[in-house]
């Protein structure tokens, strides 16, 4: 389990500025629900003074993304001018504001930082420069392109494949894009004159309790894992859900597997989780567990969305 600071927990249990913002002046949207993580950032600009007077968010993702990072981002930009927000709020600023994050969750802060320029471009009536060109999609599982990887590497001084995965999610599922990620990483390091992992130790992420360099991921093989049979795949799904159930049961809820349809896994939340405001976060927790267990991207959906007659 990851160790979170008290400030992260505070934003998780008492998120600020969640929900739609009527008559927002600037709106930025990044990510995709299909890929498991999406964020809509909405802001109002003070007509009398050059600063943001309000900011709200709507998001779909894991618990730290839903409540902590997005909530913290809105708190950080309220009161700042458009230019101040654009120039002073990076993903590292978000992580430091929260007192540090586990390396594995830095991707949530990166998405927050990606939404900000999108919202400001919308406010200025400008089209956000789209540096995604055809053929540049690197990680199909999470929809991560080369441009996003390049920005994450440059801003955060990343030097290894594992760090890129922590900060962007790229390569965190089927692993077939690892070689392409390393090509992008090496190109950025060569362009900036930075040293790679063979010449220097990796940078230390924002500090957090219980983290040491030895806790980083071991390098995974580049080849794709062996294909599972249908029975093996079903068993892994069942075992992963059973492994997740105790965490949900501690809060008075439960989850049960209903059906499997290719990449779509249908589950039913019961008890306290049924109709809970955090049910989307619970579903994403189950999804993350299944992606990790299967080594492929899958979508976890509520049983109510199961096609009629299935």
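The backbone N, Cα and C atoms fix where each Cβ goes, glycine too.
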Which residue range, 139-166, 167-194, 195-222, is the one Swiss-Prot calls region 'Disordered'?
195-222
Of all the binding-site residues given, 139, 141, 174, 177, which has the fewest Cβ neighbours within 10 Å once its own Cβ is left out?
174
